[in-house]
Every structure is written in C-alpha cells, then in structure tokens.
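Asks: Mind looking over this structure? Questions follow.
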C-alpha cells in the first residue's frame, strides 16, 4: 500500500474516533436530562395526588399549592 493510502486510512480513523466521542457526550447529556425529568415528574405527581385528595374531601378542585398548602376552589383560574 502506498504512503498516500496509509495517510488517507489514518485520517479516516481519526475522524471516526473524534465523531464517536462527540456522540457519546451528547448521549450522556440526554440520559442525564431524562433522569432529571423523571425525578421532577414523580415529585410533581406526588404533590398533585396529595392536593387532589385534600380538595376532594372538601368537594373542590385542587388549584396547586400556595406557601406549601393545597389551594382548593370550585373553579381554578390560571
């Protein structure tokens, strides 16, 4: 194989290695973001369930929380 052929193969190998490292970083960041989203959803869901149970006992709708306490109303605005 000529010197030019070896140089071309080496260049292709270097380009492949560089792009594979970039993809790994993006994949890792995507997985980390997905874990954070799952944690937020589980926390939000638990809070919503508590609020819904509290307001259902009073025959009202849960409109979220104010200062850590469930906010109940007949109709939620906003």
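The backbone N, Cα and C atoms fix where each Cβ goes, glycine too.
Annotations for this protein, taken from Swiss-Prot, read as follows:
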DISULFID  51-63  disulfide bond
DISULFID  55-72  disulfide bond
DISULFID  62-76  disulfide bond
MOD_RES   77  phenylalanine amide
SIGNAL    1-24  signal peptide
Asks: Near residue 77 (phenylalanine amide), which of the disulfide-bonded residues 51, 55, 62, 63 can be found within 10 Å, Cα to Cα?
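Replies: Qualifying among 51, 55, 62, 63: 63.
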Asks: Among all the protein chains here, how many other CB atoms are within 10 A of the CB of residue 62 (disulfide bond)?
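Replies: So the number of other Cβ atoms within 10 Å of residue 62 (disulfide bond) is 21.
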Asks: In three-state terms from DSSP, label the residue listed as 'phenylalanine amide' for me.
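Replies: The residue listed as 'phenylalanine amide' sits in coil per DSSP, no helix or strand.
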Asks: Cα-Cα, whole number of Å: residue 51 (disulfide bond) versus residue 62 (disulfide bond)?
Replies: 6
Asks: What three-state secondary structure does DSSP assign to residue 62 (disulfide bond)?
Replies: strand
